[in-house]
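**Q** What TrEMBL records for this protein is below:
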type	residues	note
DOMAIN	62-187	domain 'Autophagy-related protein 16'
COILED	70-203	coiled coil
REPEAT	240-281	repeat 'WD'
REPEAT	282-323	repeat 'WD'
REPEAT	324-366	repeat 'WD'
DOMAIN	372-420	domain 'Anaphase-promoting complex subunit 4-like WD40'
REPEAT	375-407	repeat 'WD'
REPEAT	408-443	repeat 'WD'
REPEAT	467-495	repeat 'WD'
REPEAT	496-528	repeat 'WD'
Amino acid sequence: MEFSVCFPMVEGMTMLNLSRSQDQIAREAIKHALRSLRKRHLLEEGAHSPAFIALTRPIASQGSEWKEKAENLELELQQCYKAQSRLSEQLVVEVAESRASKASLQEKESAVSNLQAELTQTRDECSQLKADLEEKIKALELLICENHQLKAQLEEITIKAKNAEAENKMLVDRWMLQKMQDAERLNEANALYDEMVNRLKASGLENLARQQVDGVVRRNEDGAEFFVESTVPSLCKQRIHAHEGGCASILFEYNSAKLISGGQDRSIKMWDASTGTLSHTLYGCLGSVLDLTITHDNRSVIAASSSNNLFVWDVNSGRVRHTLTGHTDKVCAVDVSKISSRHVVSAAYDRTIKVWDLNKGYCINTIIFPSNCNALCFSMDGHTICSGHVDGNLRLWDIHSGKLLSEVAAHSLAVTSISLSRNGNVVLTSGRDNLHNLFDMRSLEVCGTLRAMGNRVASNWSRSCISPDDNYVAAGSADGAVYIWSISKADIVSTLREHTSPVLCCSWSGIGKPLASADKNGIICTWS
């Protein structure tokens with residue numbers, strides 16, 4: 001009975017101690033179990049000692065009572081052994097559980113350490129983020145401050161811009177008033193000039209009537225032109241290698257057989273057409289020469305260039321007199337007034353026509369239009385500009401007001417050339433549709449259409465021309481031929497073949513002969 005009471009107490013103490021932590025709990029449990037076993041053995045020895053004493057007595061003196069006690073004691077001893085076996089097993093299980101608890105505890109402690117490290121790292125990151133946030137807030141405050149300053153500056157600039165706009169409007173009004181006054185003075189000067197020209201013509205008619213000799217009619221006033229009946233050329237007189245990379249424009253001096261050419265080598269060359277010799281070269285152009293014109297006194301040559309500029313040379317000195325800037329794309333056409341060497345018009349691929357004053361060297365008017373212009377020319381009165389455009393239309397403009405006077409669909413494709421007859425009543429247009437149309441300047445009605453099998457316009461700037469007597473038209477072709485039509489018959493009268501590459505331009509001398517043509521290889525041929 002004492003053992004049965006002791007064992008539950010041991011179990012209770014063992015369970016209580018197992019709730020403690022680490023190795024101390026296991027050691028105390030083992031020590032307690034050992035003390036309990038020693039105490040039990042002592043108690044067993046004390047309980048069995050009467051039996052051993054009784055056994056040492058004589059057997060005869062033993063009675064049935066002692067036998068019964070011995071059996072009970074033996075039974076209790078067996079129960080004690082069984083209880084000891086159960087306690088040993090329980091002790092082993094508890095030790096194993098203690099070790100497992102210890103391993104689990106170590107894992108949890110490791111997990112706690114990891115979590116603490118992560119917590120520390122998270123706190124550090126949070127601190128860094130707080131610092132970054134503070135910096136961002138400071139930067140934002142600075143930007144807000146700068147934004148307020150910029151708004152204030154913008155308001156000041158807006159006020160200044162409004163004031164400048166009002167001042168500019170006032171200046172424009174004053175300028176327009178001045179321009180109107182200048183226009184009135186110019187109109188007066190033009191009226192005076194027209195009156196003088198009419199008087200000169202009236203006096204010239206009498207001289208012309210007196211000087212008709214062998215079908216040659218001459219006008220001998222100072223600076224006047226010579227009129228010679230044009231002949232149909234058939235023979236190549238000179239073949240000149242003029243420019244490297246192609247020759248896009250040629251023209252003759254007024255009342256002269258001297259030829260002027262411009263090419264992709266950025267040079268302007270002056271030739272003696274009768275001998276084919278080079279007499280002079282003009283330098284200073286910064287791009288390919290796309291078109292040429294010359295003043296009526298033969299003193300200035302003007303070139304339209306792919307460098308977006310126009311260049312004006314003094315022929316006598318060979319120096320550039322003006323560089324006319326203002327276009328924003330290549331300048332492809334230029335012409336000078338028929339009545340004055342002062343005004344020049346140019347057209348560029350920025351969709352503008354500009355009117356220039358050569359005496360002052362700057363632009364005096366700009367005309368804006370919806371389609372790029374490939375060719376243009378002045379009318380005989382000097383007040384109207386004829387322009388041919390990529391959309392195929394022929395347009396007439398007032399040089400002073402810049403207003404569109406008239407417009408007609410001249411070609412189904414781009415217009416490449418415009419040439420005015422000597423009397424100024426007919427304008428010749430050539431187009432990429434391979435047609436050459438003649439228009440009446442007064443009504444803009446077609447008065448003739450010239451075409452030929454095999455004649456193909458070579459480029460957007462292929463130039464055709466009218467003979468000085470207004471009887472013939474010459475035009476180059478992509479096959480290297482030069483075609484000549486009779487205007488009255490509207491038929492081919494000659495086909496000239498000498499070029500080996502597309503012919504880009506033709507020009508007829510104002511004295512009737514020769515005819516000149518230039519091709520894409522830079523070769524110039526003169527025909528007689």
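Positions of Cβ are set from backbone N, Cα and C atoms, glycine also.
Just so you know, TrEMBL annotations are computer predictions that nobody has curated.
Any idea what these are sitting next to in the structure?
**A** Note on the domain 'Autophagy-related protein 16' (62-187): mean pLDDT across this stretch is 88.
Beyond the repeat 'WD' (240-281), the same-chain residues lying 6 or more positions past its ends with a Cβ under 8 Å from any Cβ of the stretch are 224-226, 287-294, 296, 298, 301, 303, 305, 313, 315, 318, 461, 463, 504-511, 514, 516-526.
Non-local neighbours of the repeat 'WD' (282-323) in the same chain are 223, 245, 248-251, 253-254, 256, 260-264, 266-270, 329-336, 338, 341, 344, 346, 348, 356, 358, 361, 375, 461, 463; each lies 6+ residues outside the stretch with a CB under 8 Å from one of its CB atoms.
The DSSP breakdown of the repeat 'WD' (324-366) into helical (H, G, I), extended (E, B) and coil residues amounts to 0 helix, 24 strand, 19 coil.
Counting same-chain residues at least six beyond the ends of the repeat 'WD' (375-407), those with a Cβ under 8 angstroms from any Cβ of the stretch are 183, 186, 190, 291, 332-340, 343, 345-347, 353, 355, 365-367, 369, 413-420, 423-424, 427, 429, 431, 433, 439, 441, 444, 460-461, 463.
Residues 338, 374-381, 386-394, 449-451, 455-457, 459-466, 468-470, 473, 475, 485, 487 of the same chain sit 6 or more residues outside the repeat 'WD' (408-443) yet have a Cβ under 8 Å from a Cβ within it.
For the repeat 'WD' (467-495), the list of distant contacts is 227-230, 232-234, 417, 421-423, 426, 428, 430, 436, 438, 448-450, 452, 454-458, 501-506, 508-512, 515, 517, 519, 525, 527: same-chain residues at least six beyond its ends, Cβ to Cβ under 8 Å.
Away from its own ends, the repeat 'WD' (496-528) comes close to residues 225-231, 233-252, 254-257, 259, 261, 263-265, 271, 273-274, 276, 458-459, 461-469, 472, 474-484 of its chain (Cβ-Cβ under 8 Å, at least six residues beyond either end).
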**Q** Who are the chain neighbours of the repeat 'WD' (324-366) in space, where the CB to CB distance is under 8 Å and they lie at least 6 residues beyond its ends?
**A** 193, 197, 287, 290-297, 299-300, 302-312, 372-382, 385, 387, 397, 399-400, 402, 424, 460-461
**Q** Using DSSP, how many residues of the repeat 'WD' (375-407) fall into helix, strand and coil, respectively?
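**A** DSSP composition of the repeat 'WD' (375-407): 0 helix, 20 strand, 13 coil.
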